[in-house]
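Feature annotations, reproduced from TrEMBL:
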- A:28, A:70, A:113, A:155: heme binding site (BINDING)
- A:12-34: transmembrane segment (TRANSMEM)
- A:54-76: transmembrane segment (TRANSMEM)
- A:97-115: transmembrane segment (TRANSMEM)
- A:135-157: transmembrane segment (TRANSMEM)
- A:178-199: transmembrane segment (TRANSMEM)
């Protein structure tokens, strides 16, 4: 059984990155976008998410466990690579390096973000518009959040590109090229959603 | 003044597999149409470095001298390639020669590519045709497919793709693009396809197909222009199907 484990873990890593982690990221940014319609709209949307039935089940199996596996195995993958963009400055090699870099930035950001919001909520803090407004009132934290959001979105969009290759969906160079355009389009679009949302708390 | 023209070459040398590498500079007389092999032969003829000190000749490997054997691969001005087709007139000077350090260095520019040949054995990169009786002719291969497969068969196990790959290093056991593409070649052959699942399962093991991180340096670096990343993506699809077959079951073994 020790054989074939690596293949299974890699494929699981690739799958979990998109479903459910990538889908959750998209949903999270979209819900946050309610903040652009004012504090009340955001609070209503956040309360709706909070009151979803089977909340703990959903949190554990749709968010935390897949995210933990993806993060820990991803760290292992990132540190087994020996980046060589200075010698091979090709576009895809840059994306390879950025995928690993944004993965690590995103992990640091997500750990901090979960601590500041979900863990504090478990200790009794109320997650609402004011909580976020207090956090991003600090310009350093606002910058950290923007870097974190852009990293996460890039990691998702470019990860989607790799997902299509890893599962054998995009095989020809042409399909991989088009896939680059589509996934980078997703990167730009989701970045706009995410940044507009965080700026709505300022 | 062409008789006074010289070439500056900086070679990263290493005396033994376990000793530290060091750089040595050579200045050799220019001749028209030189390649790196003939420049190294010039150093061998008169092993004196740029400081005028007598030194040992530089060790390197070569065989076919026409870029089909892959033996003379080394890193030339930062890029891995064959030294037989690296023409001095087309290179910026000083020319920097280094061994492909992804592989264990034996001496100077000479490396041990055994791991590639071990990988070819691991993935069964051949077509078994032996039987206890005459098996007769195999199925025919369509001409179009033969031409397509010929491109994949140009692989000379030179090691350039492994050298360029960020995921092939001492921290990982990834077998690299070359042996993977050979699986696609032999699985495409009408007789070879009879052992398709065996080869796929070999690359679905540790250090196999899934360790590719899609940096795509291999396809940019391959001296034979083999569509390595297309091969990897095609194998990814075949492995996905094989994975479902293995788990859910199939009559196609």
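Each residue, glycine too, has its Cβ placed from N, Cα and C.
Features recorded in TrEMBL, as mapped to the structure shown.
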{"residue": "A:28", "record": "heme binding site", "Cβ contacts under 8 Å, 6 or more apart": "none"}
{"residue": "A:70", "record": "heme binding site", "Cβ contacts under 8 Å, 6 or more apart": "A:13, A:16, A:17, A:21"}
{"residue": "A:113", "record": "heme binding site", "Cβ contacts under 8 Å, 6 or more apart": "A:145, A:148"}
{"residue": "A:155", "record": "heme binding site", "Cβ contacts under 8 Å, 6 or more apart": "A:99, A:102, A:103, A:106"}
Recorded stretch that, among A:12-34, A:97-115, A:135-157, has the most CB pairs under 8 Å to the transmembrane segment (A:178-199): A:135-157
Residues of the parent chain within Cβ reach of the transmembrane segment (A:97-115), under 8 Å, 6 or more residues beyond its termini: 67, 71, 74-75, 77-78, 81, 83, 85, 144-145, 147-149, 151-152, 154-155, 158-159, 162
Largest separation between Cα atoms (Å) of residues that the record links to heme, namely A:28, A:70, A:113, A:155: 18
Secondary structure of residue A:70 (heme binding site) (DSSP, helix/strand/coil): helix
